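Student: I'd like to ask you about the structure that follows.
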Amino acid sequence: MRSDNAKAGMQQAPARSLFRALGLTDEELERPLIGIVSSYNEIVPGHMNLDKIVDAVKQGVAMAGGVPIVFPAIAVCDGIAMGHVGMKYSLVTRDLIADSTECMAMAHQFDALVMVPNCDKNVPGLLMAAARLNIPTVFVSGGPMLAGHVKGRKRSLSSMFEAVGSYAAGTMTEEDVKEYECKVCPTCGSCSGMYTANSMNCLTEVLGMGLRGNGTIPAVYSERLVLAKHAGMAVMDMLKKNIRPRDIMTEQAFRNALTMDMALGCSTNSMLHLPAIAHEAGVELNVDIANEISAKTPNLCHLAPAGPTYMEDLNEAGGIYAVMKEISKLGLLNLDCMTVTGKTVGENIKNAVNHNPEVIRTIDNPYSRTGGIAVLRGNLAPDSCVVKRSAVVPEMLVHEGPARVFDCEDDAIVAIKSGKIVAGDVVVIRYEGPKGGPGMREMLNPTSAIAGMGLGSSVALITDGRFSGASRGASIGHVCPEAAAGGPIGLVEEGDMIAIDINANTITLKVSDEELARRRANWTPKKKEVTGYLKRYAQLVTSADKGAVLQGN
Ligand SMILES: CC(C)(O)[C@@H](O)C(=O)O
Ligand SMILES: [Mg+2]
(Lines of atoms letter the chains of each structure in order from A and count residues from 1; the text may use other names and numbers.)
(Lines give C-alpha, C1' and ligand atoms only; values in the text may rest on other atoms or scores of the structure.)
(Ligands and ions follow the chains in the order given, each with its own letter.)
Protein backbone atom coordinates (compact mmCIF):
# COMPACT_ATOMS: atom_id res chain seq x y z
CA MET A 1 0.00 0.00 0.00
CA ARG A 2 1.21 3.47 -0.90
CA SER A 3 -0.08 4.75 2.43
CA ASP A 4 2.34 2.38 4.19
CA ASN A 5 5.03 4.96 3.35
CA ALA A 6 3.28 7.09 5.95
CA LYS A 7 1.90 4.55 8.39
CA ALA A 8 3.81 1.21 8.44
CA GLY A 9 6.96 0.11 10.31
CA MET A 10 8.79 1.30 13.44
CA GLN A 11 9.97 4.53 11.82
CA GLN A 12 6.39 5.62 11.18
CA ALA A 13 5.20 5.09 14.78
CA PRO A 14 5.09 8.90 15.28
CA ALA A 15 2.88 9.28 12.21
CA ARG A 16 0.67 6.46 13.52
CA SER A 17 0.32 8.35 16.78
CA LEU A 18 -1.08 11.23 14.74
CA PHE A 19 -3.42 8.93 12.80
CA ARG A 20 -4.59 7.67 16.21
CA ALA A 21 -5.14 11.31 17.19
CA LEU A 22 -7.58 11.38 14.25
CA GLY A 23 -9.42 8.50 15.92
CA LEU A 24 -8.23 5.70 13.64
CA THR A 25 -8.39 2.11 14.96
CA ASP A 26 -5.83 -0.69 14.56
CA GLU A 27 -8.08 -2.16 11.86
CA GLU A 28 -8.22 1.13 9.97
CA LEU A 29 -4.44 1.48 10.08
CA GLU A 30 -4.27 -1.78 8.11
CA ARG A 31 -6.65 -0.56 5.40
CA PRO A 32 -6.16 1.69 2.35
CA LEU A 33 -6.41 5.44 3.02
CA ILE A 34 -8.80 7.04 0.56
CA GLY A 35 -8.56 10.81 0.20
CA ILE A 36 -11.86 12.53 -0.57
CA VAL A 37 -11.30 15.93 -2.11
CA SER A 38 -14.27 18.04 -1.08
CA SER A 39 -15.00 21.29 -2.90
CA TYR A 40 -17.69 22.09 -0.29
CA ASN A 41 -18.11 25.69 0.76
CA GLU A 42 -20.88 28.13 1.66
CA ILE A 43 -20.44 30.63 -1.18
CA VAL A 44 -20.98 28.47 -4.29
CA PRO A 45 -24.62 27.30 -4.74
CA GLY A 46 -23.26 24.42 -6.79
CA HIS A 47 -21.17 23.33 -3.81
CA MET A 48 -23.46 23.95 -0.84
CA ASN A 49 -24.67 20.32 -1.00
CA LEU A 50 -21.23 18.75 -1.34
CA ASP A 51 -21.04 17.94 2.36
CA LYS A 52 -23.93 15.47 1.79
CA ILE A 53 -22.21 14.01 -1.28
CA VAL A 54 -18.96 13.65 0.65
CA ASP A 55 -20.78 11.87 3.51
CA ALA A 56 -22.26 9.41 1.03
CA VAL A 57 -18.84 8.82 -0.59
CA LYS A 58 -17.40 8.13 2.87
CA GLN A 59 -20.06 5.50 3.49
CA GLY A 60 -19.31 3.89 0.12
CA VAL A 61 -15.57 3.78 0.82
CA ALA A 62 -16.06 2.38 4.33
CA MET A 63 -18.58 -0.22 3.12
CA ALA A 64 -15.95 -1.45 0.65
CA GLY A 65 -13.20 -1.66 3.30
CA GLY A 66 -11.36 1.66 2.90
CA VAL A 67 -10.67 4.49 5.33
CA PRO A 68 -12.18 7.73 3.98
CA ILE A 69 -10.38 10.97 4.89
CA VAL A 70 -11.70 14.31 3.65
CA PHE A 71 -9.61 17.30 2.64
CA PRO A 72 -10.71 20.50 0.89
CA ALA A 73 -10.33 22.25 -2.44
CA ILE A 74 -11.09 25.94 -2.91
CA ALA A 75 -13.93 26.88 -5.27
CA VAL A 76 -15.17 30.08 -6.93
CA CYS A 77 -18.75 30.75 -8.11
CA ASP A 78 -18.32 32.18 -11.61
CA GLY A 79 -21.82 33.62 -11.53
CA ILE A 80 -21.00 35.68 -8.43
CA ALA A 81 -17.52 36.58 -9.73
CA MET A 82 -18.95 37.67 -13.11
CA GLY A 83 -18.61 41.19 -14.48
CA HIS A 84 -16.09 42.65 -12.03
CA VAL A 85 -12.51 42.22 -10.85
CA GLY A 86 -13.49 38.91 -9.20
CA MET A 87 -13.60 37.13 -12.55
CA LYS A 88 -9.83 37.63 -12.88
CA TYR A 89 -9.58 35.20 -9.96
CA SER A 90 -11.60 32.37 -11.46
CA LEU A 91 -9.62 30.52 -14.16
CA VAL A 92 -6.50 31.01 -12.07
CA THR A 93 -7.99 28.79 -9.35
CA ARG A 94 -7.99 25.79 -11.72
CA ASP A 95 -4.23 25.49 -11.41
CA LEU A 96 -4.26 26.24 -7.67
CA ILE A 97 -6.79 23.42 -7.20
CA ALA A 98 -4.61 21.02 -9.21
CA ASP A 99 -1.43 22.02 -7.38
CA SER A 100 -2.92 22.01 -3.88
CA THR A 101 -4.53 18.60 -4.43
CA GLU A 102 -1.19 17.23 -5.63
CA CYS A 103 0.45 18.59 -2.46
CA MET A 104 -2.14 17.03 -0.13
CA ALA A 105 -2.16 13.66 -1.88
CA MET A 106 1.64 13.42 -1.96
CA ALA A 107 2.21 14.70 1.58
CA HIS A 108 -0.12 12.13 3.13
CA GLN A 109 0.44 9.26 0.66
CA PHE A 110 -3.22 8.41 0.04
CA ASP A 111 -3.77 5.11 -1.75
CA ALA A 112 -6.59 6.45 -3.93
CA LEU A 113 -8.81 9.51 -4.30
CA VAL A 114 -12.44 10.38 -4.81
CA MET A 115 -12.81 13.85 -6.29
CA VAL A 116 -15.96 15.79 -5.39
CA PRO A 117 -16.11 18.90 -7.61
CA ASN A 118 -19.05 20.62 -9.27
CA CYS A 119 -18.56 24.09 -10.66
CA ASP A 120 -16.41 25.40 -13.44
CA LYS A 121 -12.76 25.22 -12.32
CA ASN A 122 -12.98 22.38 -9.81
CA VAL A 123 -13.77 19.78 -12.44
CA PRO A 124 -10.78 20.49 -14.73
CA GLY A 125 -8.52 21.36 -11.78
CA LEU A 126 -9.20 18.01 -10.13
CA LEU A 127 -8.98 16.10 -13.43
CA MET A 128 -5.56 17.72 -13.92
CA ALA A 129 -4.55 16.59 -10.43
CA ALA A 130 -5.85 13.06 -11.09
CA ALA A 131 -3.83 12.81 -14.29
CA ARG A 132 -0.73 14.21 -12.61
CA LEU A 133 -0.91 11.97 -9.51
CA ASN A 134 -2.01 8.87 -11.44
CA ILE A 135 -3.32 6.95 -8.41
CA PRO A 136 -6.77 5.27 -8.66
CA THR A 137 -9.36 8.07 -8.74
CA VAL A 138 -13.11 8.35 -9.25
CA PHE A 139 -15.11 11.56 -9.74
CA VAL A 140 -18.56 12.32 -8.38
CA SER A 141 -19.87 15.84 -8.81
CA GLY A 142 -22.58 17.69 -6.87
CA GLY A 143 -25.07 17.61 -9.76
CA PRO A 144 -26.99 20.21 -11.74
CA MET A 145 -29.54 22.66 -10.33
CA LEU A 146 -33.15 22.22 -11.37
CA ALA A 147 -34.41 24.81 -13.87
CA GLY A 148 -36.39 27.74 -12.51
CA HIS A 149 -39.85 28.71 -13.69
CA VAL A 150 -40.82 32.25 -14.65
CA LYS A 151 -44.44 32.79 -15.68
CA GLY A 152 -44.86 29.06 -16.21
CA ARG A 153 -41.78 28.62 -18.42
CA LYS A 154 -38.49 26.98 -17.55
CA ARG A 155 -35.71 29.51 -17.17
CA SER A 156 -32.08 29.53 -16.04
CA LEU A 157 -29.07 31.76 -15.44
CA SER A 158 -28.59 32.65 -19.13
CA SER A 159 -32.08 34.21 -19.27
CA MET A 160 -31.33 36.00 -15.96
CA PHE A 161 -28.25 37.68 -17.43
CA GLU A 162 -30.16 38.54 -20.61
CA ALA A 163 -32.98 40.04 -18.55
CA VAL A 164 -30.50 42.70 -17.40
CA GLY A 165 -29.80 43.52 -21.08
CA SER A 166 -33.53 43.72 -21.78
CA TYR A 167 -33.93 46.10 -18.83
CA ALA A 168 -31.19 48.33 -20.33
CA ALA A 169 -33.05 48.25 -23.66
CA GLY A 170 -36.30 49.23 -21.89
CA THR A 171 -38.14 46.02 -22.80
CA MET A 172 -38.28 44.72 -19.21
CA THR A 173 -39.26 46.43 -15.99
CA GLU A 174 -37.42 46.31 -12.67
CA GLU A 175 -40.20 44.03 -11.35
CA ASP A 176 -39.67 41.62 -14.26
CA VAL A 177 -35.95 41.43 -13.48
CA LYS A 178 -36.73 40.86 -9.78
CA GLU A 179 -38.98 37.94 -10.71
CA TYR A 180 -36.12 36.34 -12.67
CA GLU A 181 -33.73 37.07 -9.80
CA CYS A 182 -35.99 35.22 -7.34
CA LYS A 183 -36.82 32.25 -9.56
CA VAL A 184 -34.07 31.23 -11.98
CA CYS A 185 -31.83 29.52 -9.41
CA PRO A 186 -34.31 27.47 -7.35
CA THR A 187 -32.07 24.79 -5.79
CA CYS A 188 -28.49 23.90 -4.97
CA GLY A 189 -26.45 22.57 -7.89
CA SER A 190 -24.55 23.80 -10.93
CA CYS A 191 -26.70 26.21 -12.98
CA SER A 192 -29.11 24.18 -15.05
CA GLY A 193 -28.06 24.68 -18.71
CA MET A 194 -25.19 23.18 -20.67
CA TYR A 195 -22.92 25.77 -19.09
CA THR A 196 -19.29 25.15 -18.17
CA ALA A 197 -19.76 23.16 -14.96
CA ASN A 198 -22.27 20.77 -16.50
CA SER A 199 -20.22 20.54 -19.70
CA MET A 200 -17.19 19.43 -17.72
CA ASN A 201 -19.14 17.04 -15.46
CA CYS A 202 -20.69 15.42 -18.56
CA LEU A 203 -17.29 15.17 -20.24
CA THR A 204 -15.91 13.55 -17.05
CA GLU A 205 -18.47 10.81 -17.62
CA VAL A 206 -17.43 10.54 -21.28
CA LEU A 207 -13.73 10.42 -20.39
CA GLY A 208 -14.54 7.45 -18.17
CA MET A 209 -13.60 9.15 -14.89
CA GLY A 210 -17.15 9.34 -13.47
CA LEU A 211 -19.97 6.80 -13.15
CA ARG A 212 -23.19 6.84 -15.18
CA GLY A 213 -25.27 9.90 -14.28
CA ASN A 214 -22.32 11.91 -12.94
CA GLY A 215 -23.07 14.75 -15.38
CA THR A 216 -26.85 14.82 -15.32
CA ILE A 217 -28.55 13.48 -12.15
CA PRO A 218 -29.93 16.64 -10.49
CA ALA A 219 -28.25 17.79 -7.27
CA VAL A 220 -31.46 17.41 -5.25
CA TYR A 221 -32.23 13.82 -6.33
CA SER A 222 -31.54 11.12 -3.74
CA GLU A 223 -30.18 9.14 -6.68
CA ARG A 224 -27.13 11.39 -6.49
CA LEU A 225 -26.41 10.15 -2.97
CA VAL A 226 -26.64 6.60 -4.30
CA LEU A 227 -24.21 7.61 -7.08
CA ALA A 228 -21.82 9.01 -4.46
CA LYS A 229 -21.92 5.76 -2.46
CA HIS A 230 -21.21 3.83 -5.65
CA ALA A 231 -18.28 6.17 -6.40
CA GLY A 232 -16.83 5.32 -2.97
CA MET A 233 -17.20 1.61 -3.68
CA ALA A 234 -15.87 1.97 -7.23
CA VAL A 235 -12.60 3.54 -6.10
CA MET A 236 -11.93 0.53 -3.86
CA ASP A 237 -12.52 -1.75 -6.83
CA MET A 238 -10.13 0.33 -8.97
CA LEU A 239 -7.53 0.10 -6.25
CA LYS A 240 -7.81 -3.70 -6.22
CA LYS A 241 -7.58 -3.88 -10.01
CA ASN A 242 -4.92 -1.12 -10.10
CA ILE A 243 -6.79 0.93 -12.71
CA ARG A 244 -5.26 4.41 -12.84
CA PRO A 245 -6.29 7.73 -14.40
CA ARG A 246 -3.76 7.48 -17.22
CA ASP A 247 -5.11 4.03 -18.14
CA ILE A 248 -8.44 5.82 -18.63
CA MET A 249 -7.52 9.31 -19.88
CA THR A 250 -5.78 8.17 -23.07
CA GLU A 251 -5.59 10.00 -26.38
CA GLN A 252 -8.62 7.96 -27.57
CA ALA A 253 -10.58 8.98 -24.47
CA PHE A 254 -9.86 12.66 -25.19
CA ARG A 255 -11.04 12.17 -28.77
CA ASN A 256 -14.24 10.67 -27.36
CA ALA A 257 -14.58 13.71 -25.08
CA LEU A 258 -14.13 16.15 -27.98
CA THR A 259 -16.64 14.18 -30.06
CA MET A 260 -19.24 14.30 -27.29
CA ASP A 261 -18.43 17.98 -26.70
CA MET A 262 -19.61 18.55 -30.29
CA ALA A 263 -22.69 16.35 -29.93
CA LEU A 264 -23.77 17.91 -26.63
CA GLY A 265 -22.96 21.54 -27.54
CA CYS A 266 -20.69 22.13 -24.56
CA SER A 267 -19.20 25.38 -23.26
CA THR A 268 -16.28 26.91 -25.18
CA ASN A 269 -14.33 26.64 -21.93
CA SER A 270 -14.02 22.92 -22.68
CA MET A 271 -11.57 23.95 -25.42
CA LEU A 272 -9.36 25.43 -22.72
CA HIS A 273 -9.76 22.67 -20.16
CA LEU A 274 -9.54 19.51 -22.31
CA PRO A 275 -6.06 20.41 -23.67
CA ALA A 276 -4.93 21.31 -20.13
CA ILE A 277 -6.13 17.98 -18.66
CA ALA A 278 -4.69 16.08 -21.62
CA HIS A 279 -1.37 17.83 -21.10
CA GLU A 280 -1.24 16.53 -17.52
CA ALA A 281 -2.03 13.04 -18.82
CA GLY A 282 0.88 13.26 -21.27
CA VAL A 283 -1.39 13.64 -24.30
CA GLU A 284 -0.92 16.65 -26.59
CA LEU A 285 -4.35 17.78 -27.77
CA ASN A 286 -4.16 20.35 -30.54
CA VAL A 287 -7.32 22.53 -30.74
CA ASP A 288 -7.39 21.99 -34.51
CA ILE A 289 -8.52 18.39 -33.95
CA ALA A 290 -11.77 20.00 -32.82
CA ASN A 291 -12.62 21.03 -36.41
CA GLU A 292 -11.69 17.63 -37.78
CA ILE A 293 -13.96 15.98 -35.19
CA SER A 294 -16.69 18.60 -35.52
CA ALA A 295 -16.87 18.06 -39.30
CA LYS A 296 -18.12 14.50 -38.77
CA THR A 297 -20.06 14.87 -35.51
CA PRO A 298 -23.71 15.96 -35.53
CA ASN A 299 -24.97 18.26 -32.78
CA LEU A 300 -27.79 16.36 -31.04
CA CYS A 301 -28.60 18.53 -28.01
CA HIS A 302 -29.73 22.13 -27.66
CA LEU A 303 -29.76 22.76 -23.94
CA ALA A 304 -29.82 26.33 -22.58
CA PRO A 305 -28.49 28.74 -23.78
CA ALA A 306 -28.82 27.18 -27.28
CA GLY A 307 -32.40 26.00 -26.70
CA PRO A 308 -35.16 25.58 -24.13
CA THR A 309 -34.07 22.27 -22.53
CA TYR A 310 -32.17 21.79 -19.29
CA MET A 311 -29.96 19.24 -17.55
CA GLU A 312 -32.95 17.62 -15.84
CA ASP A 313 -34.47 16.98 -19.30
CA LEU A 314 -31.23 15.44 -20.57
CA ASN A 315 -31.13 13.24 -17.48
CA GLU A 316 -34.70 11.98 -18.01
CA ALA A 317 -34.01 11.45 -21.72
CA GLY A 318 -31.33 8.91 -20.84
CA GLY A 319 -28.35 11.08 -19.95
CA ILE A 320 -24.85 11.04 -21.39
CA TYR A 321 -24.79 7.30 -22.10
CA ALA A 322 -27.88 7.67 -24.31
CA VAL A 323 -26.19 10.46 -26.31
CA MET A 324 -23.04 8.33 -26.56
CA LYS A 325 -25.12 5.43 -27.81
CA GLU A 326 -26.57 7.65 -30.58
CA ILE A 327 -23.13 8.92 -31.60
CA SER A 328 -21.64 5.43 -31.49
CA LYS A 329 -24.07 4.42 -34.28
CA LEU A 330 -21.91 6.58 -36.58
CA GLY A 331 -18.78 4.77 -35.41
CA LEU A 332 -17.42 8.00 -33.92
CA LEU A 333 -16.53 6.72 -30.44
CA ASN A 334 -13.70 4.46 -29.42
CA LEU A 335 -15.61 1.79 -27.48
CA ASP A 336 -12.52 0.05 -26.12
CA CYS A 337 -11.49 2.84 -23.74
CA MET A 338 -11.29 1.75 -20.07
CA THR A 339 -13.41 3.52 -17.44
CA VAL A 340 -13.78 3.75 -13.65
CA THR A 341 -16.43 1.02 -13.77
CA GLY A 342 -13.66 -1.41 -14.69
CA LYS A 343 -15.53 -1.89 -17.96
CA THR A 344 -15.03 -0.37 -21.40
CA VAL A 345 -17.09 2.48 -22.86
CA GLY A 346 -18.76 -0.02 -25.19
CA GLU A 347 -19.80 -2.26 -22.28
CA ASN A 348 -21.05 0.74 -20.28
CA ILE A 349 -23.32 2.18 -22.98
CA LYS A 350 -24.57 -1.11 -24.44
CA ASN A 351 -28.01 -0.93 -22.84
CA ALA A 352 -28.49 2.85 -22.91
CA VAL A 353 -31.85 4.04 -24.30
CA ASN A 354 -32.84 7.42 -25.74
CA HIS A 355 -36.22 8.13 -24.10
CA ASN A 356 -36.82 11.53 -25.72
CA PRO A 357 -35.65 12.16 -29.30
CA GLU A 358 -36.55 15.86 -28.96
CA VAL A 359 -34.03 16.37 -26.13
CA ILE A 360 -31.50 13.93 -27.60
CA ARG A 361 -32.01 14.15 -31.34
CA THR A 362 -31.30 10.97 -33.29
CA ILE A 363 -28.42 10.88 -35.74
CA ASP A 364 -30.90 11.09 -38.67
CA ASN A 365 -32.45 14.28 -37.31
CA PRO A 366 -29.66 16.34 -35.72
CA TYR A 367 -29.80 20.05 -34.89
CA SER A 368 -26.86 20.39 -37.29
CA ARG A 369 -24.70 17.98 -39.26
CA THR A 370 -21.57 19.37 -37.62
CA GLY A 371 -20.61 19.85 -34.00
CA GLY A 372 -21.32 22.53 -31.41
CA ILE A 373 -17.92 24.25 -31.42
CA ALA A 374 -15.84 25.74 -34.23
CA VAL A 375 -12.19 26.80 -34.20
CA LEU A 376 -11.47 29.75 -36.51
CA ARG A 377 -8.18 31.09 -37.84
CA GLY A 378 -7.06 34.08 -39.87
CA ASN A 379 -4.84 37.16 -39.70
CA LEU A 380 -6.77 38.34 -36.62
CA ALA A 381 -6.21 35.04 -34.80
CA PRO A 382 -3.21 33.27 -36.38
CA ASP A 383 -3.10 30.75 -33.51
CA SER A 384 -6.88 30.20 -33.45
CA CYS A 385 -10.02 31.35 -31.67
CA VAL A 386 -13.18 29.53 -30.60
CA VAL A 387 -16.96 29.96 -30.98
CA LYS A 388 -19.97 27.95 -29.75
CA ARG A 389 -21.48 27.54 -33.21
CA SER A 390 -24.59 25.76 -31.91
CA ALA A 391 -25.60 28.95 -30.07
CA VAL A 392 -25.09 31.31 -33.06
CA VAL A 393 -28.20 32.34 -35.03
CA PRO A 394 -27.95 31.32 -38.72
CA GLU A 395 -27.77 34.95 -39.95
CA MET A 396 -24.58 35.54 -37.92
CA LEU A 397 -22.62 32.54 -39.18
CA VAL A 398 -21.22 34.81 -41.89
CA HIS A 399 -20.84 38.46 -40.91
CA GLU A 400 -18.78 41.50 -41.83
CA GLY A 401 -18.78 44.74 -39.93
CA PRO A 402 -16.78 47.62 -38.45
CA ALA A 403 -14.63 47.04 -35.36
CA ARG A 404 -15.66 48.81 -32.15
CA VAL A 405 -12.55 48.52 -30.02
CA PHE A 406 -12.30 48.32 -26.20
CA ASP A 407 -9.24 47.65 -24.05
CA CYS A 408 -11.26 46.05 -21.25
CA GLU A 409 -14.62 44.38 -20.67
CA ASP A 410 -15.94 47.16 -18.42
CA ASP A 411 -15.69 49.85 -21.16
CA ALA A 412 -17.46 47.56 -23.64
CA ILE A 413 -20.37 46.94 -21.24
CA VAL A 414 -20.89 50.70 -20.76
CA ALA A 415 -20.89 51.25 -24.53
CA ILE A 416 -23.32 48.36 -25.22
CA LYS A 417 -25.75 49.35 -22.46
CA SER A 418 -25.74 53.03 -23.44
CA GLY A 419 -26.76 52.20 -27.00
CA LYS A 420 -23.43 53.07 -28.63
CA ILE A 421 -23.18 49.65 -30.30
CA VAL A 422 -25.42 49.32 -33.34
CA ALA A 423 -26.50 46.59 -35.74
CA GLY A 424 -23.58 45.34 -37.86
CA ASP A 425 -20.85 46.23 -35.35
CA VAL A 426 -18.09 43.82 -34.35
CA VAL A 427 -17.20 44.53 -30.71
CA VAL A 428 -13.51 43.81 -30.01
CA ILE A 429 -12.49 43.41 -26.35
CA ARG A 430 -8.75 42.93 -25.83
CA TYR A 431 -6.12 42.85 -23.07
CA GLU A 432 -8.40 40.33 -21.34
CA GLY A 433 -6.35 37.21 -22.19
CA PRO A 434 -4.64 34.84 -19.74
CA LYS A 435 -1.59 37.16 -19.44
CA GLY A 436 -3.22 40.46 -20.27
CA GLY A 437 -6.24 40.29 -17.95
CA PRO A 438 -4.58 38.66 -16.20
CA GLY A 439 -6.84 35.69 -15.70
CA MET A 440 -8.82 35.62 -18.96
CA ARG A 441 -12.14 36.93 -17.74
CA GLU A 442 -15.34 35.18 -18.74
CA MET A 443 -17.63 37.73 -20.38
CA LEU A 444 -21.23 36.81 -19.84
CA ASN A 445 -22.31 40.42 -19.21
CA PRO A 446 -21.47 41.84 -22.65
CA THR A 447 -22.77 38.79 -24.56
CA SER A 448 -26.00 38.82 -22.52
CA ALA A 449 -26.37 42.58 -22.94
CA ILE A 450 -26.09 42.13 -26.73
CA ALA A 451 -28.65 39.28 -26.70
CA GLY A 452 -30.97 40.97 -24.18
CA MET A 453 -30.95 44.24 -26.13
CA GLY A 454 -32.07 42.45 -29.26
CA LEU A 455 -28.72 42.76 -31.08
CA GLY A 456 -27.95 39.03 -31.10
CA SER A 457 -28.78 38.71 -34.81
CA SER A 458 -26.65 41.63 -35.91
CA VAL A 459 -23.66 42.21 -33.58
CA ALA A 460 -20.57 40.01 -33.11
CA LEU A 461 -18.11 40.06 -30.21
CA ILE A 462 -14.45 39.06 -30.47
CA THR A 463 -12.07 38.82 -27.52
CA ASP A 464 -8.82 37.37 -26.27
CA GLY A 465 -10.79 36.65 -23.08
CA ARG A 466 -13.32 33.84 -22.81
CA PHE A 467 -17.04 33.26 -22.43
CA SER A 468 -19.42 31.58 -20.08
CA GLY A 469 -21.20 28.42 -21.15
CA ALA A 470 -24.29 30.61 -20.81
CA SER A 471 -23.11 33.01 -23.55
CA ARG A 472 -24.77 32.78 -26.93
CA GLY A 473 -24.52 34.61 -30.23
CA ALA A 474 -21.49 35.25 -32.43
CA SER A 475 -19.24 35.39 -29.38
CA ILE A 476 -15.73 34.52 -30.53
CA GLY A 477 -13.18 34.07 -27.76
CA HIS A 478 -9.72 32.73 -26.93
CA VAL A 479 -8.18 34.86 -29.74
CA CYS A 480 -4.53 33.78 -29.90
CA PRO A 481 -2.00 35.27 -29.63
CA GLU A 482 -3.61 37.63 -27.11
CA ALA A 483 -3.02 41.42 -27.27
CA ALA A 484 -0.68 41.42 -24.26
CA ALA A 485 1.52 38.83 -26.02
CA GLY A 486 1.72 40.93 -29.20
CA GLY A 487 -1.23 39.35 -31.04
CA PRO A 488 -2.74 41.22 -34.03
CA ILE A 489 -5.97 41.80 -32.03
CA GLY A 490 -3.92 44.57 -30.38
CA LEU A 491 -3.48 46.31 -33.78
CA VAL A 492 -7.19 46.65 -34.61
CA GLU A 493 -8.41 50.25 -34.93
CA GLU A 494 -11.93 51.63 -34.59
CA GLY A 495 -13.80 51.15 -37.87
CA ASP A 496 -11.51 48.48 -39.39
CA MET A 497 -13.64 45.91 -41.21
CA ILE A 498 -13.68 42.40 -39.77
CA ALA A 499 -15.05 39.42 -41.72
CA ILE A 500 -16.24 36.34 -39.84
CA ASP A 501 -17.10 33.11 -41.65
CA ILE A 502 -17.91 30.41 -39.11
CA ASN A 503 -18.88 27.97 -41.88
CA ALA A 504 -15.42 28.33 -43.40
CA ASN A 505 -13.65 28.55 -40.00
CA THR A 506 -12.08 31.92 -40.85
CA ILE A 507 -11.73 35.33 -39.22
CA THR A 508 -10.16 38.18 -41.20
CA LEU A 509 -9.09 41.70 -40.29
CA LYS A 510 -9.51 43.46 -43.64
CA VAL A 511 -6.41 45.59 -43.31
CA SER A 512 -3.39 45.11 -45.59
CA ASP A 513 -0.22 43.41 -44.35
CA GLU A 514 1.70 46.64 -45.06
CA GLU A 515 -0.66 48.71 -42.90
CA LEU A 516 -0.52 46.11 -40.10
CA ALA A 517 3.32 46.17 -40.26
CA ARG A 518 3.23 49.97 -40.05
CA ARG A 519 0.95 49.86 -36.99
CA ARG A 520 3.10 47.19 -35.36
CA ALA A 521 6.24 49.33 -35.76
CA ASN A 522 4.60 52.05 -33.61
CA TRP A 523 3.11 49.73 -30.99
CA THR A 524 4.06 48.12 -27.73
CA PRO A 525 1.39 46.04 -25.96
CA LYS A 526 -0.15 47.79 -22.93
CA LYS A 527 1.14 46.70 -19.54
CA LYS A 528 -1.01 46.67 -16.39
CA GLU A 529 0.13 47.04 -12.80
CA VAL A 530 -0.77 43.80 -11.06
CA THR A 531 0.19 42.36 -7.71
CA GLY A 532 -0.07 39.12 -5.74
CA TYR A 533 -1.01 35.80 -7.30
CA LEU A 534 -2.18 37.42 -10.55
CA LYS A 535 1.30 38.87 -11.04
CA ARG A 536 2.91 35.44 -10.71
CA TYR A 537 0.17 33.86 -12.82
CA ALA A 538 0.71 36.37 -15.67
CA GLN A 539 4.40 35.48 -15.73
CA LEU A 540 3.78 31.73 -15.94
CA VAL A 541 0.62 31.29 -17.98
CA THR A 542 0.72 30.07 -21.60
CA SER A 543 -1.76 30.92 -24.33
CA ALA A 544 -5.41 29.79 -24.49
CA ASP A 545 -4.78 27.42 -27.42
CA LYS A 546 -2.38 25.55 -25.13
CA GLY A 547 -5.08 25.31 -22.46
CA ALA A 548 -3.57 28.26 -20.55
CA VAL A 549 -1.46 25.77 -18.61
CA LEU A 550 1.33 27.17 -16.47
CA GLN A 551 4.88 26.95 -17.81
CA GLY A 552 6.94 24.23 -16.25
CA ASN A 553 4.05 21.76 -15.98
C1 LIG B 1 -21.89 31.19 -14.32
C2 LIG B 1 -21.70 30.08 -15.33
C3 LIG B 1 -22.98 29.80 -16.02
O4 LIG B 1 -21.27 28.94 -14.64
C5 LIG B 1 -20.58 30.37 -16.23
O6 LIG B 1 -19.47 30.72 -15.47
C7 LIG B 1 -20.16 29.31 -17.23
O8 LIG B 1 -18.97 29.27 -17.52
O9 LIG B 1 -20.97 28.58 -17.77
MG1 LIG C 1 -17.59 29.87 -15.97
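Including glycine, each Cβ sits where the backbone N, Cα and C put it.
Those TrEMBL annotations? Automatic predictions, nothing curated.
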Student: Looking at the Mg(2+) binding annotation from TrEMBL, with Asp120, Lys121, Glu442 already listed, which candidate in Asp78, Asp176, Asp383, Asp496 is the matching residue?
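Tutor: Looking through Asp78, Asp176, Asp383, Asp496, the residue TrEMBL assigns to the Mg(2+) site is Asp78.
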Student: In whole Å, how far is Ser468 (active site, proton acceptor) from Lys121 (Mg(2+) binding site) when you measure between their Cα atoms?
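Tutor: Between the Cα atoms of Lys121 (Mg(2+) binding site) and Ser468 (active site, proton acceptor), the distance comes to 12 Å.
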Student: From the recorded positions listed here (Asp120, Lys121, Ser468), select those whose CB sits under 6 A from an atom of ligand 1.
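Tutor: Only Asp120, Ser468 qualify.
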Student: Across all protein chains in the structure, which of the binding-site residues Asp78, Asp120, Glu442 has the highest Cβ count within 10 Å?
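Tutor: When each Cβ's neighbours within 10 Å are tallied, Asp120 tops the list.
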Student: Which whole-number value in Å describes the distance between the Cα atoms of Asp78 (Mg(2+) binding site) and Ser468 (active site, proton acceptor)?
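Tutor: A Cα-Cα distance of 9 Å.
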Student: When you measure from the Cβ of Ser468 (active site, proton acceptor), which residues in the chain that are at least 6 apart have a Cβ under 8 Å away?
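Tutor: Once residues fewer than 6 apart are set aside, Ser468 (active site, proton acceptor) is near Asp78, Met82, Tyr195, Thr196, Ser267, Asn269, Glu442, Met443, Leu444, Thr447.
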Student: Those recorded positions, Asp120, Lys121, Ser468: which ones have a Cβ sitting under 6 Å from ligand 2?
Tutor: Asp120, Ser468
